[in-house]
Amino acid sequence: MVITTLTLGYTLMLFPAGALVDAYGDRPAMVGGLAGLALGAFGVSFATSYATLLVAVFVLGAAYATAMPSTNVAVAERAPRGSYNLAVGIKQVGVTLGSALAAFVVAGLAAYALGWQLGFLVAAAAAGVVGVGFLLSYEGSGGTGSLSFPDVGALWGNRPLMALAAGGFFVGAAVFTTTGYAVPYLEADTTATAAVASVVLGVTQLTGSVGRIGAGALADRVRGTAATASIRVLAAQSGLGAVTMAAIPFLAMPGAAVGFAVLGLGILGVTGLYHGALVALAGEGESGAATAAGQTTINFGGLVVPPAFGYLADTAGYAAGWDLLAVCIALGVACALVAGRLALAAE
């Protein structure tokens, strides 16, 4: 229930956050989001009941919704010429590194008097300090100056963007399910111990970071616009993930570990190009809304498919679940290819 509430707050606030970024630029959203994260983390530390804990994590999720549209716009405005996709990939690595650092801090401080509460207090303080730093030193990019709900009709009329956003459902399905079920699968269906399975997941996250940076650097060297180049590399990268996913049930250790490392490159590594293409396909003043649309479909994929995977794993075995994910990724590739063709036709 806690994770669901967090995700709900995140998803519900994506479009309002995107509208804020399009209207006033990235700086207010970044500062406000960091303030909200500090407030939410502080609330988690001092929650006196399950209900107040849920309220606090909802605030955390809602505040985090500002991160993706604001950072996407910030990178698009400031990336060096010819290095746009690489810059987005590096930005996306920050998500993984930040998550790893947060987990280390919370776990490391759990042994002290306040336990996990101290970890969230440290997180709240960090968010507050960074927020003040942005407020004082970051100029930000401008917006339209007019706050309004995103023009859904205009977004819907952007056919390449809608095709790519539809593929986001399958990106979310693959990313959330792979990271959520890698350890249970390795423990249950291979000879891996819990410790080894955790290491495999860590390596998978690491190769995902490598994939984001490497794919971004490659896309910057592919002919075409920023959108079409990133979509081409994304489709090839996801195709590698689909083939590897289908092979996972047939791999024993240590081959399974190698397979998951490749999944990191082919699945976890696509998010940089995905977000870069969303912004590149967006119309003027619609980057925040486009990011919100694309991230919303990712979240829905992450909410819907993992339970279906778990049901298949329990009733038909893990192989059926991995086959489902392979099909999902293939459908995501198809969406990307359609988006690429539509983008080319619109040039």
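Keep in mind that glycine also has a Cβ here, set from the backbone N, Cα and C atoms.
Straight from TrEMBL, the features:
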type	residues	note
DOMAIN	1-347	domain 'Major facilitator superfamily (MFS) profile'
TRANSMEM	39-65	transmembrane segment
TRANSMEM	86-112	transmembrane segment
TRANSMEM	118-140	transmembrane segment
TRANSMEM	161-183	transmembrane segment
TRANSMEM	195-219	transmembrane segment
TRANSMEM	231-252	transmembrane segment
TRANSMEM	258-282	transmembrane segment
TRANSMEM	289-312	transmembrane segment
TRANSMEM	324-344	transmembrane segment
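Within the chain carrying the transmembrane segment (161-183), a Cβ under 8 angstroms from the stretch's Cβ atoms is held by residues 155, 194, 197-198, 200-201, 204-205, 231, 238, 241, 245, 260, 263, 267-268, 270-271, 274, 277-278, 281-282, 290, 293-302, 304-306, 309-310, 313, 318, 321, 325, 328-329, 331-336, 338-339, 342, all 6 or more beyond its ends. Most Cβ pairs under 8 A with the transmembrane segment (118-140) among the ranges 39-65, 195-219, 231-252, 289-312, 324-344 are made by 39-65.
Counting Cβ pairs under 8 Å to the transmembrane segment (231-252), the stretch among 39-65, 195-219, 289-312, 324-344 with the most such contacts is 324-344. Through the fold, the transmembrane segment (39-65) approaches residues 1-2, 5-14, 16-17, 32-33, 114, 117-118, 120-121, 123-124, 127 of its own chain, all at least 6 residues removed from its boundaries and within a Cβ separation under 8 Å.
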